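> Here's the feature list from Swiss-Prot:
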type: DOMAIN; residues: 11-93; note: domain 'PDZ 1'
type: DOMAIN; residues: 187-264; note: domain 'PDZ 2'
type: DOMAIN; residues: 464-538; note: domain 'SH3'
type: MOD_RES; residues: Ser128; note: phosphoserine
type: MOD_RES; residues: Ser156; note: phosphoserine
type: MOD_RES; residues: Ser161; note: phosphoserine
type: MOD_RES; residues: Ser195; note: phosphoserine
type: MOD_RES; residues: Ser313; note: phosphoserine
type: MOD_RES; residues: Thr319; note: phosphothreonine
type: MOD_RES; residues: Ser321; note: phosphoserine
type: MOD_RES; residues: Ser360; note: phosphoserine
type: MOD_RES; residues: Ser580; note: phosphoserine
type: MOD_RES; residues: Ser835; note: phosphoserine
type: MOD_RES; residues: Ser884; note: phosphoserine
type: MOD_RES; residues: Ser885; note: phosphoserine
type: REGION; residues: 98-165; note: region 'Disordered'
type: REGION; residues: 295-368; note: region 'Disordered'
type: REGION; residues: 759-898; note: region 'Disordered'
Amino acid sequence: MEELTIWEQHTATLCRDPRRGFGIAISGGRDRASGSVVVSDVVPGGPADGRLQTGDHVVMVNGVSMESVTSTFAIQILKTCTKLANITVKRPRKIQLPATKAGTSGRGRQGLEEEADCGQGYDGDTSSGSGRSWDKRSRRARTGRRNQAGSRGRRSPGGNSEANGLALVSGFKRLPRQDVHMRPVKSVLVRRTESEEFGVTLGSQIFIKHITDSGLAARNRGLQEGDLILQINGVSSENLSLSDTRRLIEKSEGKLTLLVLRDRGQFLVNIPPAVSDSDSDSSFLDDISALGSELSQAVPSHVPPPPPHAQRSLDSDGTDSPRDSPPLRRENSLDSRTISEPDAPRHSSYDIYRVPSSQSAEDRGYSPDSRVVRFHKGTTIGLRLAGGNDVGIFVSGVQEGSPADGQGIQEGDQILQVNDVPFRNLTREEAVQFLVALPPGEEVELVTQRNEDIFRKMVQSRVGDSFYIRTHFELEASPPSGLGFTRGDVFHVLDTLCPGPGPSGARGTHWLAVRMGRDLREQERGIIPNQSRAEQLASLESAQRAVGAGPGASVGSSARAEFWRLRGLRRGAKKSTQRSREDLSALTRQGHYPPYERVVLREASFKRPVVILGPVADIAMQKLTAEMPDQFGIADSVLRTDSPSKIIKLDTVRVIAEKNKHALLDVTPSAVERLNYVQYYPIVVFCAPESRAALKALRQWLAPASRRSARRLYAQAQKLRKHSEHLFTATIPLRGTSDTWYQELKAVVREQQTRPIWTAEDQLDNSSEDNLELPHRGLADSSADLSCDSRVNSDYETDGEGYTDGEGYTDVDEGPPAPALARSSEPVLEEEPRSPRDHGRASGARGAQVDRHPYHSQGRQDSMRTYGQEALKKKFTRARDVESSDEDGYDWGPATDL
């Protein structure tokens, strides 16, 4: 008997356990001796017990290849799997072959190894104990076929193994041989009764059918015919028709980024004509595009995949793009085994929501078993809804005697569409609000599909809504379950119709959410206000800060000071009324953050700008550009055409990024807000001094010729930490007289550049009056700018009065006013934190920091402030009484009555 090692491929879907996680431990990787990611331990009784084994080689996790990756990357991928992990592993197995004659054993073994090679379906696997690579095995297989081409009719029994191949063992599947055409199989399904279902869910995937010799793809050599296209410019290609794909490519404007999966078997491009040619003489590619609207699982990107949620944007052309259906996983030609139970549904993070058209249900891509139900709405719909944007909207109950009763709607039906509005990507809250808003007596047309098995699994796994938001206002915690947050916090929303605090809490005012940490791990769970409630609270916060009563407002702030600050006036400057109106209009127009901003986790495709805040920012920028000029470049400032102040053009930042360099920016915190708004997402590093004396010693050691005031720099650093900490990517302490902080700074920039970041889900809509250009749209003609120092750079800066290290120390809030446009190392002492709703993110562009001028008597200002604070305090108290509750507990709402 001869012994041969083959590799079996298994796929298992694991549900995360709250205490045990996925129940596995992994080790190895490219940075280890083994080279492969291996399952090192399986927790008894965990989700993986009985499904995975110790020693399994991890091949793929949620569509992300684990071949030739580091162990850190593999662990990070598993951490980003919030609920489910679809893990594909390969497992070695030794089989015994009967001994063959000497003359045929070589050919027989070679044929067996060749068949095993063809059955792998992924790069880098070893199919025998030899450990030879795929390329070597491919060359060996091709050579073997050429040598044996003339003797196929005279094979011994051992030689027949090449023609017949290995039988399927333990669910092991082989990709079709490239030199053997598959024979088409015709299958006819006939329904005997109306209740019978075909039981087939179709899926599709865009692939590269042909590459022209004269195109860029042929010269780039990074693409091959047969490659599966997973993403086009960051948008998932799953379920996109050819027209949608063509439109997406046309919008790329000169730069096309494709994420592809290499099909080693060249299966799609080698389908025989009998299969690829349809009766209507359309190409095989057109056939696939017609089926591309069927539901299947999203294919994650090559980076840690963004969490599943839906993106909704209206397309002005009014075309309809079919949505995917929740339940089943796509059968990729590279998959080799399917488990018996269906995978939990997961939607792509880059779904496109189109305006519905007047097409029929079948034209929209719905399955043939979908049904259309029509009835007139009464006082209520009579349906109980469950699910959400992550799995779809399902019927969990029908009220007896309601208009929907008797129409054939059952528990477990998925609502695909209501009155030409697709429901596949709506949250449960949005679906309920849409149905409730329908006037009584109006005809309701529902397109439903029977998905009872998916509904049952959804209820058991307690999934529904799933998307991520970033907050842009502050809220205090309301025990026991209400979460507090500051600007910039990220939450994972799990239910958009969560009951309020206490057993009698009403639905419709709160979301169930989990706070996300800086390490992308989930933290505490609780409730937060829903979208409409958040808008009210954010408006109230803005009004409070306008009169100096809001969170974080400075002691010396007032309504009059806010009035002059919005007009971009600085001390001693005499601007015309027209100029002030233009500045205020620009601040209102250029940007506006919602209270909750939908975000996704993506990898930066460009070198992110670097903003260094703190008392050593000037020294750090000089050292970085001098030491690493090929990695860093200082963004030069230019004078305004209508004023002596200086600005930094966004086009300058773009040009530096195109050179594959980090743009070093000396800008104010308000300019950092603007950079985030235009989706540059800078790396903001704050250098925190220990004390004023330590800072003075450090600056004298780093820059002996510098005459900058250590007391002033220290006071400004304290102000930055107090009011702009939500902008910091990292904080580096300044200790002693060493360059440890500088080494940490370089390490932070390197690490943050490789980490995924929370980016806006929707692109910024540009106004025709706004010259702002986004990074992905090109900034060649941009006139957008950032605020920087408006004076000539000098080491000795007293701002018109004595301010040296020899002066006595005063409180940081009592320092003298600074000019309107200051560098990041010199923020305005009287500046108070403003939400993006207040300054429209463009305060850096117009210089919103100003001094307070005593145009009115102090008594009148105090009277105005006191009256405004008392009025708003009463309003805020009433709002907080509604928001908070002394009763404990919150509940996850699985369904909502209508």
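Counting starts with 1 at the first residue shown.
Heads up, the Cβ atoms here are built off N, Cα and C, so glycines get one too.
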> Based on DSSP, tally up the residues of the domain 'PDZ 1' (11-93) by helix, strand and coil.
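Reading the DSSP string over the domain 'PDZ 1' (11-93) gives 10 helix, 37 strand, 36 coil.
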> On the DSSP side of things, how many residues of the domain 'SH3' (464-538) fall into helix, strand and coil, could you say?
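Counting residues by DSSP class gives 8 helix, 33 strand, 34 coil.
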> Specify the secondary structure state of Ser195 (phosphoserine) as given by DSSP, simplified to three classes.
coil
> Within 10 Å of the Cβ of Ser195 (phosphoserine), how many other Cβ atoms can be counted across all chains shown?
8
